[in-house]
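All remarks here apply to the structure that follows.
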Amino acid sequence: NKASVVANQLIPINTALTLVMMRAEVVTPAGIPAEDIPRLVGLQVNRAVLIGTTLMPDMVKGYAPQ
């Protein structure tokens with residue numbers, strides 16, 4: 001199973017992501033792949049993301065799966 005990106009803290013709506021906000025974890029259902037963490041830095045979330053929430057592609061403005 002591949003790791004997905006999970007919120008390490010509460011991320012308020014419209015916040016630009018930084019490395020400390022995210023961690024890699026194997027979760028079900030899978031979200032954004034952990035290897036995309038470098039691409040997520042600087043992108044904004046379009047909703048509040050609670051700690052422990054798996055980041056899904058539709059939660060991050062400008063993110064497109066490769």
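Don't overthink the numbers, they just go from 1 along the chain as shown.
Using the three backbone atoms N, Cα and C, a Cβ is placed for every residue, glycine included.
According to Swiss-Prot, the domain 'AFP-like' annotation covers 4-63, on the basis of sequence analysis. The site 'Important for ice-binding' feature in Swiss-Prot is assigned to Q9, N14, T18, Q44; the stated evidence is similarity to another entry.
Known features from Swiss-Prot, placed on the structure.
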{"residue": "Q9", "record": "site 'Important for ice-binding'", "contacts (Cβ under 8 Å, 6+ apart)": "V20, M21, I51"}
{"residue": "N14", "record": "site 'Important for ice-binding'", "contacts (Cβ under 8 Å, 6+ apart)": "Q44, V45, N46"}
{"residue": "T18", "record": "site 'Important for ice-binding'", "contacts (Cβ under 8 Å, 6+ apart)": "V41"}
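Mean model confidence of the domain 'AFP-like' (4-63) amounts to 98 (pLDDT, 0 to 100 scale). Around the Cβ of Q44 (site 'Important for ice-binding'), a 10 Å sphere holds 15 further Cβ atoms from the protein chains shown. Q9 (site 'Important for ice-binding') carries neither a helix nor a strand DSSP state and counts as coil. The residues of the domain 'AFP-like' (4-63), classed with DSSP into helix (H, G, I), strand (E, B) and coil, number 13 helix, 16 strand, 31 coil.
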